[in-house]
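Have a look at the structure below, then the notes.
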Amino acid sequence: MMPTERIAVYPGTFDPVTNGHLDIISRAARLVDRLTVGVAVNAGKGPLFSLEERVEMVRVAVDKLPTNGATITVVPFANLLMDFACAQGASMIFRGLRAISDFEYEFQMCGMNSRLNSKVETVFLMASERSQFISSRFVKEIGRLGGDIGGFVPAHVRDRLLDRFEEDAESA
């Protein structure tokens, strides 16, 4: 009898993808056979980058990660997270935690997701020490104000951010 394939999703807005996100993706890939990184539309957050741009940035970053034998795919999604997870055949949703403030939000979301489908487990991974303070919001703010963001995002993401900030400054 063949063992059941371990399938999970790791959802996020990824506006932009950071080294913290990539740390979670890499670590999650060690625990499953197939990991789908779901890039959420999330128009309510008013993303800096379009959905297509965010998907492409995540794909380029993930292509450079060690997969630990797992298959990692990157796809956009616009529906409920639980519906997305089920459509992917996932039995797990990975979420990263940086601080207590993350936990409060994630705890509530986990409870709601469990009510929607108790067969899909939420697995929390603590941010590594080197990435526990990184957030997309802070990266954008630091970059917009001229700070060095190279240690927080992959080089291709840094370049896209700097180009976008330059475009915004020219049109202002």
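Cβ coordinates are placed from backbone N, Cα and C, and glycine is handled just like the others.
For T13, K45, L81, R95, the entry in Swiss-Prot reads substrate binding site. If you look up Swiss-Prot, you'll see T13, F14, H21, G96, L97, R98, E106, S131, Q132, F133, I134, S135, S136, R137 marked as ATP binding site. Taken from Swiss-Prot, the feature site 'Transition state stabilizer' covers H21.
Set side by side, the binding-site residues L81, L97 differ in how many other CB atoms lie within 10 angstroms of their CB, and the most is found at L81.
DSSP gives Q132 (ATP binding site) a coil state; it is part of no helix or strand. Put plainly, the binding-site residues H21, K45, R95 were compared by Cβ crowding within 10 Å, and the winner is H21. Here the candidates are the binding-site residues T13, K45, R95, and by Cα distance the one nearest S136 (ATP binding site) turns out to be T13. Spatially, by CA atoms, the binding-site residues T13, K45, L81, R95 include one closest to Q132 (ATP binding site), and that is R95. Geometry remark: K45 (substrate binding site) versus E106 (ATP binding site), CA distance 17 Å. Cα to Cα, H21 (ATP binding site) and R95 (substrate binding site) are separated by 10 Å. Take the binding-site residues T13, Q132, S136: by the count of other Cβ atoms within 10 Å of each Cβ, the lowest one is Q132.
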